[in-house]
Amino acid sequence: MSKRDYYEVLGVHRNASETEIKKAYRKLAIKYHPDKNAGDKAAEDKFKEISEAYSILSDTQQRVIYDQYGHAGLNGGGGGGGSYSSGGFGGTPFEDLFGDIFGDIFGGRGSQRSRGRRGDDLRYNLSINFEEAAFGLETKIQIPRHQTCGTCDGIGAKPGTTPRVCPTCQGAGQVRVQQGYFSLTRPCPECNGEGQIIDQPCEECHGSGRVRGKRTLSLKIPAGVETGSRLKLSSEGEPGLNGGPPGDLYVVISVQDHPLFQRDGQHVICEIPISFPQAALGCELEVPTLTEKVNVKVTPGTQSGKVIKLQGQGFPSLQGYARGDQLVVLRVEVPTSLTDRQKELLEEFAKEGGEEIHPMGKTFFDKVKELFG
């Protein structure tokens, strides 16, 4: 069975604002919530359907994908250097719904959320390579987000008209009601907590004062970042509502693995294989670093695991301190196959050093016979 259109599920048009989508979701979620419809399977299925629709349409990036590709687009994967999400680092549709309800009960919160509200924080995941993390880079990123409507300058009203003060709450956005012994503050039902009423909404933004768009930002990544490093761009998140301040943008770094190097704090680790003759006799190796190749001397008699330090060839700290070092770890490789001549030479080498050779010529059963007679 094919899924219904998410906009149809919530009962909103495809150009609905974030506020309109949230309002529709809250209304339906309260109506079909399982706690209110115990044992009603149809209500439970309806609640799941509207929750799924809201989880997609309330997420800026997911909504863009859905608008362009429909349900099929949400099942695919993405690629590229960056990904985007809205709403900062927490928050769910259920928190929005029940946070508003409890805010209504205890008073005050409904007005704070609806009048002069701060815009949502945004998160952008940026993938960079190992060298870029070591030396920093300047790049551009494109963020899908809402922008102030250019037709109505963010007012939400049709050009040439202005919103009027709500006659019920006198612009306060909330009303006080008496329930038993309690005096409760609720969002004004006349203006939905906005404090004003728009009789002729702007046709471009449908009264929200915001339109969907994209913003290109120049970004400077400092040298020394690592996976999980977070850069904050103040006021580059979603614009606020009703004159509220914009949110912030957080760029979260992910550093790609390198085929040769590993990172340990400020140090770079590089394992270099050498042969037994090179280790025994000494040699000179050409070793790669983050910037160039350098020559390294291996002293005679070098053991596997020896570390050679290349000073200043590592990562800087984010505080601007000196760079760490590159640690070259030498790994002596033992040959897995030998020619007859090579075997003879090694046997001579061992005898010359007074070592006794025990070739693995005897089978397991030969050893058993010798042991038990």
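Even glycines carry a Cβ here, placed using N, Cα and C.
The domain 'J' feature in Swiss-Prot is assigned to 5-70; the stated evidence is sequence analysis. Per Swiss-Prot, the feature zinc finger maps to 136-214. Residues annotated as repeat 'CXXCXGXG motif' in Swiss-Prot: 149-156, 166-173, 188-195, 202-209. According to Swiss-Prot, the feature Zn(2+) 1 binding site maps to Cys149, Cys152, Cys202, Cys205. For Cys166, Cys169, Cys188, Cys191, the entry in Swiss-Prot reads Zn(2+) 2 binding site, with the evidence type sequence analysis.
Highest Cβ contact count with the repeat 'CXXCXGXG motif' (149-156) among the listed stretches 166-173, 188-195, 202-209 falls to 202-209 (criterion: pairs under 8 Å). Note on Cys191 (Zn(2+) 2 binding site): other Cβ atoms within 10 Å of its Cβ, all shown chains, come to 25. DSSP states for the zinc finger (136-214), grouped as helix (H, G, I), strand (E, B) and coil, give 0 helix, 35 strand, 44 coil. Cβ neighbour count within 10 Å across all protein chains ranks Cys205 highest among the binding-site residues Cys166, Cys205.
Around Cys169 (Zn(2+) 2 binding site), taking its Cβ as the centre, 22 other Cβ atoms fall within 10 Å, counting all chains. Over the repeat 'CXXCXGXG motif' (166-173) the predicted model carries a mean pLDDT of 88.
Around Cys202 (Zn(2+) 1 binding site), the C-beta neighbours below 8 angstroms that are at least 6 residues distant in the chain are Cys149, Thr151, Cys152, Ile155, Gly156, Ala157, Lys158, Pro159, Gly209. For Cys188 (Zn(2+) 2 binding site), the number of other Cβ atoms no farther than 10 Å from its own Cβ, over all displayed protein chains, is 23.
Rounded to a whole number, the C-alpha distance linking Cys169 (Zn(2+) 2 binding site) with Cys205 (Zn(2+) 1 binding site) is 25 angstrom. Here Cys205 (Zn(2+) 1 binding site) is positioned 21 angstrom away from Cys166 (Zn(2+) 2 binding site), judged by their C-alpha atoms.
Highlighted in sequence order, Pro167, Thr168, Gln170, Gly171, Ala172, Gly173, Gln174, Val175, Pro189, Glu190, Asn192, Gly193, Glu194, Gly195, Gln196, Ile197 have their Cβ within 8 Å of the centre of the Cβ atoms of Cys166, Cys169, Cys188, Cys191, the residues recorded for Zn(2+) 2, and are not part of that set. Shown in sequence order, Gly150, Thr151, Asp153, Gly154, Ile155, Gly156, Ala157, Pro201, Glu203, Glu204, His206, Gly207, Ser208, Gly209, Arg210, Val211 are the same-chain residues outside Cys149, Cys152, Cys202, Cys205 whose Cβ sits within 8 Å of the Cβ centre of the Zn(2+) 1 site.
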